[in-house]
Every structure is written in structure tokens, then in C-alpha cells.
Amino acid sequence: MSLSLYNTLHRRSEPFEPLEANLVRMYCCGITVYDYCHLGHARTCLIWDVVRRYLQWSGYEVHYIQNFTDIDDKILNRARAEKSSMGAIAEKFIEAYFEDMEALHIQPADEYPRATHSLDGIQKLIHDLEQRGFAYASQGDVYYAVRKFDGYGKLSGRKLDDMQAGASGRVNEDPDAPKKHDPFDFALWKAAKAGEPAWDSPWGAGRPGWHIECSAMVRDRLGETIDIHVGGSDLIFPHHENEIAQSEAATGQPLAKYWLHNGMVKVEGEKMSKSLGNFITIRELLKKYDPMAVRLFILQAHYTKPLDFTDEALTAATKGWETLNDALLFGAEHLDTNNITADKGILAKFKAIVDNDLNFSGGLAILFELAKELKKEKNILVHEGKLQQNPQILASLWLTLKELADILGFVPETKQQAAGLTDAEIEDLIQQRKDARANKNYAEGDRLRDLLAEKGIVLVDKPGGITEWHRE
């Protein structure tokens, strides 16, 4: 089975065939840098990070671009509130973004173009649209003439006539309505306002509109047509719809062959967003939960579906990550992998699952099956001092788990390093405790148990003198 992707543009799953063999050009709409990123942003960035990793593992070279919107009313409002500048606010939150992404082990994009660094390309694209009759200047602004583009609405499935029926109230509230030829036209360039940053242009000083930024960055860095355009489902309309209208009107070519959209993170049934005030920032979340537990939580739901945020779900993901982490550490410390390879059959099974529209949630089941088998052997080794299965078979299973964990971006040892104890050291202390209790030195046994507890190691005494352990 080959990779298939659900293409929002055609509302169906389609075989993935890149425009150029073994090369994938991929663009993600990035953040507007006026505040710290929240869990919704984490989901978007993490999902496309794993998609990129999977494509690379599948043999593709991936050229991945993600932009920063660093010109926006929200940034200007934040700058006024903090008595700062738009540039200073943007730099502050771009730096915070990179810190958050590093904490979540999200690979950097190949490029991070900014709107303020892309003005030549933006103005060139606006000029091209004007020359082709799709844009017009009006009182220092430049607008896109939506009705001139016959394909408008093909991504979102919306029709202008249907939208017009309920738009009268919104039109009356639009302060730019007198400048527009049609209520649905949108700004490509905004005339300068007093006290706001502005750049020279053929239409007068001003700044670009939001939608034109991405169209220009895609064309300048990846070409007229790319393989995959991704983003959150909240961007389908109007942002991605408007990107298509701009780019395809200017070039006469499709903007992207595949449009992929991730579902929203929800809190009590509503989208997590700053405007609703129901969000938790990534840095707040990571004070409470391991980054790898957050990664597991996000990957447990199919990328197209909504993801419900609860503390209970994150707690369950934490326990799941402990299982995977323990298995990864066990193999690293106890198994000899010289001249051993991963199990090709299991890797093929994983690929067959994930190739069905990036079903990472289904693929996770294979990782847990492997972790369960390795954990069983770990407990046998602790209590009997030897492995039950053939060590070479176990080493192959562990290498398979490690390879799959790498694809999904899981990094072991975080908790091990925090505890400062290796598995072998923990098992040695458990044995010392057993010996102390066997000699009726219960005070020493309690001391060792407390020592392990301080290091985040929980002991579970079971019948028959068996002691199991896990990290908190």
C-alpha cells in the first residue's frame, strides 16, 4: 500500500504522488507573533513535524517552510499596551516560539520567512494581480476582486451567493466597505496609519494584508506549485481560500497539489483560542507534564479530528509515555545490538497503518505492543537475573521500537536524567532493599524505598517477593 492523504481541496483521500520524484515541497502557515503559543499551536506544529519525519523516513527529501506573521493589528496592540515596538514584540515571541518548539522536540523548519523580510515578493505579487485585473487600488489600499476569480470557494465549499445572503450586517460594520467594489473583496495592501509602521510601495506607504504574505512566501521560496500546504482547520476559510485565489490568479497554476488540515484542540467542546480565554500556554503545560507525554497525547488522536484537552487525558498520556520510556531505556542498557537490525515485518506493518492518511494514532499501538514485550522481559531479568527470550530477538524488537519512536519524535531518558539513576542502579537499590528486608532490617529497607521515592521511582511490592517499579 502506498501513502494516501485526505485532500481538503477534493474532500477525499488520494494517493500521494509528489510533483518531483523523491522531493516534497511543504509549507505550513505559522503563528502571528504577539503572544506565547498555546496547546492548539503545539498540536499544529507537532503534527506537521511528525508528517515531515515520516516522509523523510519513507525516503523523501522534504523542503519545509513555516512563516512568521510579524505585521498585524494584534502585534501593534500588544506593542501599545507594553509601550514597546512592533519589532520588539515580534522578536520576543519568535524567541519564545523557538524555546517552546525545542522543549517539544520539534525539528526546525528549513526556513522561517517573515512578512517584514518578504516585502519585495509581496509587492511583486500584488503588482502581478493588478496587471491581470484581479486587484485594484482604492484610497491608498489595494483590494483583491474576489468575484473575478471563478474558483473562489473551491477549498472551503462556500459559495459567494450563499454567503451574501447573511452578510448585510457585517458589511455595515466594515469600516473599509466604502473603499471596496464588492463587500467580499479583501485587502492586499493597507494604507499607512498614523503611529504605525509603514513601508513604501507603488500605491503609497502602508503594510501588507495577512493573506498575501503566505502566497508571496510560497512563490518566492518553493515555487508556483508546491506538493503539500498544511495548517489548522480554522485557516481553511478565509485564509487558505484567499491564498488560492491570490496565487492561482497570479500564476495560472495550482498553488498546492494537496491541502492537509489538522483538527482543533477543544476545551469543553469549544476551540481552544486566545480570543475565548480558554487556552493553556505550552510553557505552562510543560511545568506540569513531560514534553513527551504531551507529544503522545497529541498523537493519540487522528490529526484531522478534534482533540479534547483534559488533565485526565494528559495524566493517562504520562503513564503511556512511562511505558514507552522504560522500554526504550531497558533496551539501551541491557541489550547488545551489534550486528542486529530492526524487524522489517513490524516496520512494514507500521508503514501500512500510517500510509492510510497518516494514521499515527493507529501506528502507536505497535509501539505499545513492543514496549509491553520488553517490559515483561525487564521484569524477568530483575527477578530471575536472566532473559527469557533470545537476546538477539529482543535486541531486534528494541531496535524496531527505537526506530518507530524516532519517526514519531519521542526522545527517551528525560526522566532518567532527571532522576539521576540508570535502570541498573535502580535495580541494584531494589535488590539491596530486598536483602535488608530478608535480614529483617526494615529500617534500611524503608530508607532505600524513601531514597528511590525522592528520585521519582515508585515501588510496587507484589506477592511472591516480586517488586515492580516505574518512574513518576
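Note that Cβ sites are derived from N, Cα and C of the backbone, with glycine treated the same way.
Looking at the stretches 31-41, 141-151, 295-305, the one that Swiss-Prot records under the feature motif ''HIGH' region' is 31-41. Looking at 66-70, 81-85, 271-275, the range tied to motif ''KMSKS' region' in Swiss-Prot is 271-275. Record check: Swiss-Prot places C214, H239, E243 at the Zn(2+) site, and the matching candidate among C29, C45 is C29. Using DSSP to sort the residues of the motif ''KMSKS' region' (271-275) gives these counts of helix, strand and coil: 0 helix, 1 strand, 4 coil.
For the motif ''KMSKS' region' (271-275), same-chain residues at least 6 beyond its ends with a Cβ under 8 Å from one of its own Cβ atoms are 35, 38-40, 234, 264-265, 309. In the three-state DSSP classification, C29 (Zn(2+) binding site) falls within coil. Within 8 Å of the centroid of the Cβ atoms of C29, C214, H239, E243, where the record puts Zn(2+), the same chain has further Cβ atoms from W210, H211, E213, S215, H229, G231, L235, H240, N242.
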